[in-house]
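As given in TrEMBL:
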ACT_SITE  ASP65  active site, proton acceptor
BINDING   HIS61, HIS63, HIS133, ASP196  Zn(2+) 1 binding site
BINDING   ASP65, HIS66, ASP196, HIS254  Zn(2+) 2 binding site
DOMAIN    18-110  domain 'Metallo-beta-lactamase'
DOMAIN    183-255  domain 'Metallo-beta-lactamase'
REGION    293-315  region 'Disordered'
Amino acid sequence: MRELVVLGTASQVPTRTRNHNGYYLRWDGEGLLFDPGEGTQRQMIHAGVAAGHITRICLTHVHGDHCYGLPGVLSRMALDGVGHPVHLHYPATGDPVVRALVAVSSPGVDLRLHPHSGAGPVADGLEIRPLKHRIETYGYLLTEPDGRTFLPELLRAAGIAGPDVGRLQRLGALGAVRLEAVSIPRAGQRFAFIMDTAPCPGAEELAEGTDLLVAESTFSDDDGGLARQYLHLTAGQAGELAANGKSRTLVLTHFSSRYGDDATLLAEQARARAPGTAVIAARDLERIAVPPRRQRAREAAGHTTAIGLNHDGSS
Ligand SMILES: [Zn+2]
């Protein structure tokens with residue numbers, strides 16, 4: 001199961017209905033917590049996210065609205081007796097802040113620190129790209145390896161059905177039938193997380209081909225001057241990012257409190273620049289499914305009946 005649970009959507013100052021940042025991504029067996037701001041522990045309770053399911057915590061940068069929730073979450077994990085290793089990724093120059101936050105947390109969690117710099121992979125299927133903010137900041141990209149999508153009419157013609165389909169998937173050939181002959185390539189699913197940044201090449205690379213793109217849109221287009229001054233995106237710029245990257249779904253968040261609780265205007269501004277993208281202005285505690293990847297294979301191939309299989313042969 002792959003879904004995004006929005007824990008908080010406010011930037012610098014929270015509001016009555018918007019907690020500071022916080023995002024939990026359920027990605028098959030992994031639970032990734034991105035940018036836990038203040039109050040994340042309690043938002044997890046409201047959202048029904050168990051601390052014990054977190055396997056990885058990813059910080060874009062160490063401004064308070066993106067990391068002050070860390071000690072609370074870590075202490076809760078210690079209290080719950082979480083036994084598995086928990087990986088913590090963050091910019092290398094944020095090391096003193098991260099160590100201070102970890103130092104005030106209850107001990108007992110098997111926490112593995114992974115400071116990073118540059119661009120590239122930081123874990124299996126997880127990559128970073130530098131962003132452009134007032135301190136060292138990185139965005140994250142989660143990718144699934146490319147797979148193949150079976151075409152039922154070709155499977156039928158080859159006389160392959162039932163458990164043999166999974167067998168063919170695993171073995172690459174079954175008798176004289178080769179996997180390539182009855183299937184088409186299918187791009188793996190892509191999720192990107194882009195927080196505090198001005199428009200920059202790193203953000204463009206992260207957005208490329210994403211099924212689900214979470215992007216900050218601190219300011220309305222009318223406040224473009226403030227966005228430039230503080231190195232943030234406007235809603236329109238977030239929309240442009242999604243349009244250039246051909247993102248399927250764009251989740252806007254990290255809103256300035258100046259817009260109150262209604263982000264409708266910001267969603268409209270993003271939508272105007274990204275007509276081919278589904279745009280969602282995130283609300284706290286909202287759950288957003290990662291769009292199923294089989295749809296993309298169908299779109300690409302013009303087939304209406306393709307079956308997408310996972311690596312283990314399940315659909
Ligand atoms: Zn921020």
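Positions of Cβ are set from backbone N, Cα and C atoms, glycine also.
Remember, TrEMBL labels are computer predictions, not curated facts.
The structure, with features from TrEMBL marked on it.
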residue	record	Cβ contacts under 8 Å, 6 or more apart
HIS61	Zn(2+) 1 binding site	CYS67, PRO91, GLY94, HIS133, ILE135, GLU136, THR137, TYR138, MET195, ASP196
HIS63	Zn(2+) 1 binding site	ILE135, ASP196
ASP65	active site, proton acceptor	ALA10, SER11, GLN12, HIS20, ASN21, ASP35, GLY37, GLU38, HIS254
HIS66	Zn(2+) 2 binding site	ASN21, ASP35, PRO36, GLY37, LEU59, THR60, MET195, ASP196
For HIS133, HIS254, listed as binding-site residues, tell me which one has the smallest number of other Cβ atoms within 10 Å.
HIS133
Under DSSP, the domain 'Metallo-beta-lactamase' (183-255) has how many residues in helix, strand and coil?
27 helix, 22 strand, 24 coil
Non-site residues, in chain order, whose CB comes within 8 A of the mean position of the CB atoms of HIS61, HIS63, HIS133, ASP196 at Zn(2+) 1:
THR60, VAL62, HIS66, LEU131, ARG134, ILE135, THR137, MET195, THR197
Quick test of your reading of the structure: among the recorded positions HIS61, ASP65, HIS133, ASP196, whose CB sits under 6 A from ligand 1?
ASP65, ASP196
Compute the average pLDDT of the predicted model within the domain 'Metallo-beta-lactamase' (183-255).
96
Starting from the Cβ of ASP196 (Zn(2+) 1 binding site), draw a 10 Å sphere and report how many other Cβ atoms land inside it.
26
Counting by DSSP, what is the helix, strand and coil composition of the domain 'Metallo-beta-lactamase' (18-110)?
36 helix, 21 strand, 36 coil
